[in-house]
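This report concerns only the one structure given below.
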Amino acid sequence: MNKIKRPYGSTQTPNNRAPSAKKVIAISSGKGGVGKSTLAANLAVGLAQSGLHVGVLDADIYGPSIPRLLGVETEKLRWNADNQMIPSENFGIKVMSVGLTTPKSDTPLVWRSSVAVSALIQFLEDVAWGELDVLVIDMPPGTGDVQLTMAQELPLSGAVLVTTPQMLATDDVSRAIVMFQDIHVPILGVVENMSYFIAPDTGKRYDIFGSGGAVKLCNTYQIPLLGQIPLTSDILNLSDQGKIPMALGEAATKEIYGSIVKKVREAM
Ligand SMILES: Nc1ncnc2c1ncn2[C@@H]1O[C@H](COP(=O)(O)OP(=O)(O)OP(=O)(O)O)[C@@H](O)[C@H]1O
């Protein structure tokens with residue numbers, strides 16, 4: 001990570017840090033691999049389709065997948081005359097990612113929380129975002145020191161939590177809910193991803209990862225269930241190719257993401 005100019009302490013006023021974004025929404029999950037980045041990318045595109053100016057900040061320092069999902073992974077980082085990083089653009093949204101600033105290699109990135117947070121603050125302040133209605137932040141999975149520090153230091157308006165139905169995932173999301181509640185970040189709701197699978201040949205439904213996990217979670221914490229997304233080859237294949245399902249997917253895929261976008265807009 002280059003160009004980190006200022007370390008920040010917790011005494012800074014977080015709300016000064018993203019003056020150009022009216023709302024800053026964190027997409028978070030207690031557990032890795034549940035489809036958090038996929039939701040962040042599709043939600044961002046859906047919000048842009050509804051007429052908002054949207055940016056996506058990929059803060060997933062452990063596995064930055066937003067550049068691939070939004071089809072900007074081969075772009076080079078550029079600076080403008082004011083020495084601000086210029087975000088990549090696709091599907092009508094502005095995109096910045098730790099993945100665009102680090103050399104591609106097999107070496108794992110090791111981040112101390114203070115460095116990770118400094119890097120993200122730089123992404124908020126030193127990126128030419130322009131005027132944004134919503135900045136969607138794809139958070140790293142989990143509830144460790146890095147995640148907590150980021151959630152405390154970023155100017156979050158709310159959080160959307162992503163889970164899969166099984167207890168091993170919902171247990172971890174419970175921890176994430178408590179983490180956000182402890183630091184007074186409003187939880188906009190929970191999205192259950194990979195909820196079920198409909199066999200294309202028979203139309204039969206399979207609850208591969210169990211059922212009812214997110215409903216139970218939402219009842220326990222009195223938070224809204226924003227939607228249940230099936231496991232589909234449409235989402236999997238398009239995502240791998242940087243073709244956002246919300247924009248280019250089958251009608252059923254667009255419908256389910258569209259309904260989540262609507263609920264997030266209302267909750268914002
Ligand atoms: N509903 C779905 N149907 C089919 N495949 C999906 C679905 N949601 C996500 N995927 C696929 O699952 C994989 C993991 O998704 P994703 O990278 O969004 O997870 P994540 O929670 O952000 O992971 P990480 O912990 O690395 O941040 C990707 O290959 C993605 O295309």
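Note that Cβ sites are derived from N, Cα and C of the backbone, with glycine treated the same way.
Per TrEMBL, the feature region 'Disordered' maps to 1-20. The compositional bias 'Polar residues' annotation in TrEMBL covers 9-18. Residues annotated as ATP binding site in TrEMBL: Gly30, Lys31, Gly32, Gly33, Val34, Gly35, Lys36, Ser37.
Within 10 Å of the C-beta of Gly30 (ATP binding site) there are 25 other C-beta atoms, taking all protein chains into account. With a cut-off of under 6 Å between the Cβ and any atom of ligand 1, the binding-site residues Gly30, Lys31, Gly32, Gly33, Val34 reduce to Gly32, Gly33, Val34.
Fewest Cβ neighbours within 10 Å among the binding-site residues Gly32, Val34, Gly35, Lys36: this applies to Gly32. Counted within 10 Å of its Cβ, the other Cβ atoms near Ser37 (ATP binding site) come to 27, all protein chains included.
The Cβ of Gly33 (ATP binding site) lies under 8 Å from the Cβ of Pro141, each on the same chain and at least six residues away in sequence.
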